[in-house]
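I have a structure I would like to understand better, so I am pasting it below and will then ask my questions one at a time.
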Amino acid sequence: MNNTNQSSSSSPSSSQSTPPSISKSQHNQFYYHPSPSRTIYSDRFIPCRSSSNFALFDISPPPPPPPSSESPRGDDSSSSSAAYTALLRTALFGSDLGFGAQPCTPDKKSFLVNNSPVNRNIFRFKSETRQSLHSLAPLGFDDHHSPGVSHSPVKAPRKVSRSPYKVLDAPALQDDFYLNLVDWSSHNVLAVGLGNCVYLWNACSSKVTKLCDLGIDDSVCSVGWAQRGTSLAVGTSNGKVQIWDASRCKRVRTMEGHRLRVGALAWNSSMLSSGSRDKSILQRDPRAQEDFVSKLSGHKSEVCGLKWSYDNRELASGGNDNRLFVWNQHSTQPILKYCEHTAAVKAIAWSPHIYGLLASGGGTADRCIRFWNTTTNSHLSCMDTGSQVCNLVWSKNVNELVSTHGYSQNQIIVWRYPSMSKLATLTGHTYRVLYLAISPDGQTIVTGAGDETLRFWNVFPSPKSQNTESEIGASSFGRTHIR
């Protein structure tokens with residue numbers, strides 16, 4: 001300090017004109033104070049090698065920095081850092097390594113024998129080590145190693161009963177692929193066409209009622225409930241369509257127009273569509289005086305499948321000509337034509353979840369379920385089921401659908417969409433599963449076959465709970481006659 005004062009006093013002019021020079025060591029003393037309690041990182045790309053495994057590469061590690069006694073918190077900081085490192089190592093590589101062991105993956109074990117490297121080919125191809133995501137969590141998923149941490153359980157896949165909860169004998173249920181003889185109403189009443197008669201089965205009371213008898217010169221080819229109310233349409237082998245009031249068991253009217261049998265029926269909010277073996281589709285308004293208001297022409301063989309979309313704007317039709325057509329409310333010619341199927345198209349279903357999504361299934365020579373986007377007029381996907389596709393129906397509660405099959409396995413399959421993975425395969429029918437309907441609550445399906453049985457299955461969850469059983473006779477297992 002004295003030398004500095006004397007120099008400044010002897011040359012006052014020089015001190016004013018030229019600033020005092022500061023050496024590099026003095027500059028570091030003024031502005032750089034390293035802390036022994038933490039590692040200093042600069043803006044230069046200098047890797048930190050404190051945690052490198054130099055023994056693996058046969059390289060001597062750099063000497064550790066000398067301990068400092070200037071900071072009273074140095075011991076606490078280093079011990080806490082070591083504890084955290086040990087905890088992290090235990091969580092990542094397992095607790096059997098101990099606090100002082102080096103982590104060693106299955107591939108690295110081949111490098112070290114008696115702590116000496118035997119293979120210097122470090123950058124080599126290695127086999128994939130399959131680890132669950134839980135094993136990569138810093139705290140692990142073991143309750144013993146991470147007390148106080150709650151983990152949500154993995155949701156188990158939904159189970160579908162492989163057995164029907166109820167079986168009804170249905171004598172004279174026809175084994176005809178082109179007919180549609182079973183339908184379930186919004187009032188929980190099942191209509192079944194047996195020979196020349198139509199029977200009603202109340203799912204709440206199990207009461208069976210004979211609705212009508214067409215006589216020996218006619219037979220039932222199709223049945224279809226109106227979306228609301230108690231009106232039931234019955235298509236006959238003579239080409240007529242009868243409208244019945246099921247609550248009073250009274251025929252309201254008979255409508256003509258077809259020359260051959262009527263095997264397909266479909267209601268929208270106010271209109272009734274009927275498809276026939278005469279290749280035509282008739283649009284009917286039961287409120288109008290005329291038997292039909294328009295005629296749709298396009299199919300070149302029997303019309304065996306009809307379904308209105310959920311918004312009542314589009315009608316899908318399938319025929320024995322292997323064609324799938326889509327019509328709007330006012331068209332007399334199809335607005336969309338799909339010709340990819342190689343067999344009759346009876347199975348048709350509109351998705352209640354995705355607007356414009358249509359599913360269709362082909363017969364024995366086709367065996368495929370195809371999905372279409374009618375808004376973009378595009379073919380989405382195709383699934384080969386291995387057997388004749390007889391019916392399709394979507395669940396309104398979950399994004400799943402059911403298909404029933406004929407030759408050669410006679411099975412019922414529950415599918416997840418869009419992955420088309422099989423949730424369940426149900427068997428029991430000994431003939432083709434030609435008929436399918438779904439309950440109004442969307443949980444139960446009924447299937448019918450040429451083995452003259454109707455089988456009831458709980459396949460879909462309720463909208464609120466996936467574990468709640470259907471209220472439609474789930475506990476009343478048994479076998480009874482429908483007439």
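Quick reminder: no glycine exception, Cβ is built from N, Cα and C everywhere.
According to TrEMBL, the record shows the following:
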COMPBIAS  1-26  compositional bias 'Low complexity'
COMPBIAS  60-69  compositional bias 'Pro residues'
DOMAIN    168-457  domain 'CDC20/Fizzy WD40'
REGION    1-35  region 'Disordered'
REGION    56-81  region 'Disordered'
REGION    464-483  region 'Disordered'
REPEAT    213-254  repeat 'WD'
REPEAT    296-337  repeat 'WD'
REPEAT    426-459  repeat 'WD'
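Show me how these features fit into the shown structure, please.
A Cβ distance under 8 Å defines the sequence-distant neighbours of the repeat 'WD' (213-254), meaning residues of its chain 6+ beyond its ends; these are 179-187, 189, 191-198, 200, 260-269, 272, 274, 276, 278, 284, 286.
Nonlocal intrachain contacts for the repeat 'WD' (296-337), taken as residues 6+ away from its ends with a CB within less than 8 angstroms of a stretch CB, comprise 177-178, 180, 260, 263-269, 271, 273-277, 279-283, 343-350, 352, 355-356, 358, 360, 362, 366, 372, 374, 377.
Confidence over the repeat 'WD' (426-459), given as mean pLDDT on the 0 to 100 scale, stands at 97.
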Run through the repeat 'WD' (213-254) and tell me, per DSSP, how many residues are helix, strand and coil.
0 helix, 23 strand, 19 coil
For a three-state summary based on DSSP, what are the helix, strand and coil counts in the repeat 'WD' (426-459)?
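Residue counts in helix, strand and coil order: 0 helix, 19 strand, 15 coil.
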